[in-house]
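Have a look at the structure below, then the notes.
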Amino acid sequence: MQAPAGLAVKAPLIANSDLMSGKPSLIGLTREEMGEALAEIGVPQKQVKMRVSQLWNWLYVRGVSDFDNMTNVAKELREKLKAAFTIARPEIVEEQISNDGTRKWLMRFPPRGAGRPVEIETVYIPEEGRGTLCISSQVGCSLTCSFCHTGTQRLVRNLTAEEILSQLLLARDRLGDFPDGSTPVGAYVPSEGRKVSNIVMMGMGEPLYNFEHVKTALLIATDGDGLSLSKRRVTLSTSGVVPEIFRTGDEIGVMLAISLHAVRDDLRDMLVPINKKYPLKELIEACRNYPGVSNARRITFEYVMLKDVNDSLEDAKMLVQLLKGVPAKINLIPFNPWPGTNYQCSEWAQIEKFADFINQAGYASPIRTPRGRDILAACGQLKSESERMRKTERLAFEAMMIANHGADD
């Protein structure tokens with residue numbers, strides 16, 4: 001279903017009773033774990049490896065979400081699989097499509113233990129040569145970064161490897177990115193190749209506070225016999241959980257991004273409070289030692305541009321000094337407004353001056369084009385619906401944003 005640009009689509013709600021049944025999912029299991037699960041339902045040990053390969057292909061190459069579609073699996077085994085496991089997608093509570101083609105899905109996952117169902121947001125950003133999916137790793141966030149909307153939502157829980165991967169699987173479903181899939185009429189997607197070519201762990205939450213589940217999900221996403229994403233097209237963004245940075249490069253091997261945002265400890269303590277635990281000196285040293293870092297595999301430093309806070313040319317000079325010797329590029333992010341914030345975006349002319357100074361010092365300094373602002377899908381704007389403002393306030397704000405879209409950019 002295609003919606004008018006910038007308006008919310010109430011997607012047909014699928015109850016997904018299979019997902020809500022409490023049955024364990026095969027999605028997100030390693031090959032070893034999947035083999036153990038199959039053995040537990042009676043698959044003969046000599047067949048386990050072959051059956052795992054079959055299921056892996058159906059789940060991650062063909063993209064099926066129903067055991068009945070696994071046509072080369074014997075019916076008796078399919079019935080056993082259906083009785084014991086689920087491979088269902090999460091519910092789509094809402095799908096929104098921005099004026100610029102950005103899509104945002106509000107997804108609902110079932111309770112874990114005694115908890116309640118939870119909601120998270122996932123964003124798809126299409127461009128001519130690539131399609132980037134921004135994936136969440138937690139429900140809410142514990143970091144309370146003062147400029148970030150997600151940081152105003154308390155941490156509810158970590159997402160499982162299944163729930164992290166399901167965001168990618170659902171997006172590929174909706175965009176027709178699996179074999180035999182069809183792209184929605186009028187959808188803005190890359191003209192060639194995969195619709196989802198890149199993923200960034202930049203959604204809700206701090207990925208390195210959920211290291212094991214994120215690691216499992218990303219290793220499955222980059223497995224050459226399945227989803228087969230290149231590790232050079234997967235970026236994990238952290239606010240600076242220093243002890244896990246080396247492990248990220250060593251055990252996962254994806255590209256690294258650092259949510260920097262300030263070049264002085266006193267300011268970063270305020271903007272990104274984790275800096276009080278892991279100050280800039282420790283953070284930059286961890287970046288210097290990141291496995292595989294080189295001019296071909298640079299670390300991205302994200303820097304949100306806040307008017308009269310961190311956008312002076314003196315800040316730019318200190319930034320260049322701070323990163324001296326680190327293979328890096330600096331993404332400058334115009335601040336994306338959200339209801340209740342006290343911050344303002346830097347003037348565009350000041351952002352360009354800042355970028356020019358960094359560029360002349362030898363660092364690539366692209367200014368990130370704001371995407372999805374009108375549906376609160378831009379950087380720093382994500383927050384699950386159940387924790388957002390009252391509905392009337394939200395609708396009024398979104399109407400204002402839609403009316404002003406274009407003037408902002």
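Quick reminder: no glycine exception, Cβ is built from N, Cα and C everywhere.
Swiss-Prot has this to say about the protein:
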- CYS379: active site, S-methylcysteine intermediate (ACT_SITE)
- CYS141, CYS145, CYS148: [4Fe-4S] cluster binding site (BINDING)
- GLY205, GLU206, SER237, SER259, LEU260, HIS261, ASN336: S-adenosyl-L-methionine binding site (BINDING)
- CYS134-CYS379: disulfide bond (DISULFID)
- 127-376: domain 'Radical SAM core' (DOMAIN)
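Mean model confidence for the domain 'Radical SAM core' (127-376) is a pLDDT of 92.
For ASN336 (S-adenosyl-L-methionine binding site), the Cβ neighbour count at a 10 Å cut-off comes to 24, with all displayed protein chains included. Of all Cα pairs drawn from GLY205, GLU206, SER237, SER259, LEU260, HIS261, ASN336, which the record names as binding S-adenosyl-L-methionine, the longest spans 19 Å. A straight line from the CA of CYS134 (disulfide bond) to the CA of SER237 (S-adenosyl-L-methionine binding site) spans 11 Å. Distance from the CA of CYS141 ([4Fe-4S] cluster binding site) to the CA of SER259 (S-adenosyl-L-methionine binding site) is 14 Å.
Across the fold, the C-alpha of HIS261 (S-adenosyl-L-methionine binding site) and the C-alpha of CYS141 ([4Fe-4S] cluster binding site) stand 18 Å from each other.
In the three-state DSSP assignment, the secondary structure recorded for CYS134 (disulfide bond) is strand. Look at SER259 (S-adenosyl-L-methionine binding site): DSSP puts it in a strand. Around the Cβ of GLU206 (S-adenosyl-L-methionine binding site), the same chain contributes SER137, GLN138, CYS141, SER142, LEU143, THR238, SER239, VAL241, ILE274, each under 8 angstroms and 6 or more positions distant in sequence. When the binding-site residues SER237, SER259 are compared by the number of other CB atoms within 10 angstroms of each CB, SER237 has the fewest.
Take the CB of LEU260 (S-adenosyl-L-methionine binding site) and look out to 10 A: across all protein chains shown you find 28 other CB atoms.
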